[in-house]
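Participant: The coiled coil annotation in TrEMBL covers 127-161. Under the heading compositional bias 'Low complexity', TrEMBL lists 218-229. What TrEMBL records for 242-256, 264-276 is compositional bias 'Basic and acidic residues'. Residues or ranges marked as domain 'Trypanosome variant surface glycoprotein B-type N-terminal' in TrEMBL: 1-148. As annotated by TrEMBL, domain 'Trypanosome variant surface glycoprotein C-terminal' applies to 189-266. For 167-198, 210-276, the entry in TrEMBL reads region 'Disordered'.
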């Protein structure tokens, strides 16, 4: 207001644009409503000036530029003259003037903190500090997010390794050992077999009458199969070995004594041999 608004004594545009409101009379006679009009004009005009992004550095730079423009005149009495000021005084005073405007900071310079103790100056410093704290917090959050992502990746990798190590290899060969042994015991006993040589004696029984080669008892999986194998073994001795061969049965003798007799079945049909 003190630098840009003009009164009726001047027609200059001190801030580079026209500021009306207090230009109808003397500066010290400007009413509240007239000051508001002048203030709105200043805000509009200054808003068109180039701006840089708000940052702690930008605020510090602006405050430094302000302090650099403060002037002082040690020869002046600070109680009545402009001893510390911003702008250009008229006759060592900051008053209405046709060509000169200034802001007198002589009294403020004597206060604790000096010029830097101005309310708006301290508020700008506080704003710069808050912005700095916010940026630090954002950087810290970003760092923590990165650490969490890294931990998540490491946890996923560890879980994958544990899952792989916990899966045992399947003993395929061991699982097939017993069936293979069972197959070998029965597959070697192939029927019919023309001679006993074609029936391995280690695991099979050869029936000379029926020319059958079957597994020995103990090589089958069930009791029924074992019983069948035992029957085949019995068939190799006594009358049972003659089976259904009637001639062999009748010729089965010990000296003149008949060992077997051929038995007639129902309706006088041939049945089977019978031991005596």
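The backbone N, Cα and C atoms fix where each Cβ goes, glycine too.
Predicted automatically and left uncurated, TrEMBL annotations should be read as such.
Here the structure is a predicted model, which means the values were calculated and not measured.
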Participant: Looking at the coiled coil (127-161) alone, can you tell me the average pLDDT?
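Facilitator: Its mean pLDDT is 94.
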Participant: In the domain 'Trypanosome variant surface glycoprotein B-type N-terminal' (1-148), how many residues does DSSP assign to helix, to strand and to coil?
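Facilitator: Grouping H, G, I as helix and E, B as strand yields 71 helix, 12 strand, 65 coil.
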